[in-house]
Amino acid sequence: MNSQQLRDALRLYLVMGSPNCGRADPYAVLEAAIAGGITMFQFREKGSGALEGPAKRELGARLRRLCAQHKVPFIVNDEEGLALELEADGIHIGQEDAPAAAVRQRLKNMIVGVSAHDPEEAQAALAEGADYLGVGPQYATRTKLDAREVRGPAMIERIRQGGIRLPLVGIGGIDATNAAPVIQAGADGIAVVSAIAAAGSPREAAEKLWRIINR
Ligand SMILES: C=C1C=NC(C(F)(F)F)=NC1=N
């Protein structure tokens, strides 16, 4: 996938695991979100109530197959072994995880996304060969309990002003009311969790976000 294809894939990026779906079946939520137009999916089975072991792998395999059927890139959060086992299209790692270059070495040809909270971390990820950056938290988030301090879209502007042209997605508390400034700040797309996963209709939530970021 070249840089422009990756930018297009980052447009509406659903990050989700079973704890983010309320009482809904994560498979059904993902199916609806795909129908609503999400362009990439990250399997992030974390937080209270997250599945573990065989149940986690089984859910991951089902969601992976669904993404393959609809040609939606499937990314795994943090875990290299799971990314390999599920034959994921890529992995997303934090700054504290192994350098992106080492991860790519082990996960041949996979997309490697790296979290960045400021221009220094963005520069470090670029130097390590990250394929895209996840920059946040943009706004207060209910999902990531150990999220760093809210920096807002201004941080995306600072990273772009620092000369970093890498594909970049904003994440953290993004919903239909605040998505536009993230794109205006220079992000190629938005990553959302609750705005779609916890919506009454994930399909309509995705469709609404799609209209807003492509206005
Ligand atoms: C902590 C994270 C930061 N950014 C992203 C993404 F949006 F995918 F780039 N995913 C994460 N899990």
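Note: Cβ is positioned from N, Cα and C throughout, glycine not excepted.
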Need a hand: TrEMBL gives Gln42, Phe43, Arg44, Glu45, Lys46, Asn77, Ser115 for 4-amino-2-methyl-5-(diphosphooxymethyl)pyrimidine, which of Lys108, Lys144 is also on that list? Lys144
Cβ under 6 Å from ligand 1: which of the binding-site residues Phe43, Glu45, Lys46, Asp97 qualify? none
How big is the Cα-to-Cα gap, in Å, between Phe43 (4-amino-2-methyl-5-(diphosphooxymethyl)pyrimidine binding site) and Asp78 (Mg(2+) binding site)? 10
Rounding to the nearest whole angstrom, report the longest C-alpha distance spanning Gln42, Phe43, Arg44, Glu45, Lys46, Asn77, Ser115, Lys144, listed for 4-amino-2-methyl-5-(diphosphooxymethyl)pyrimidine. 17
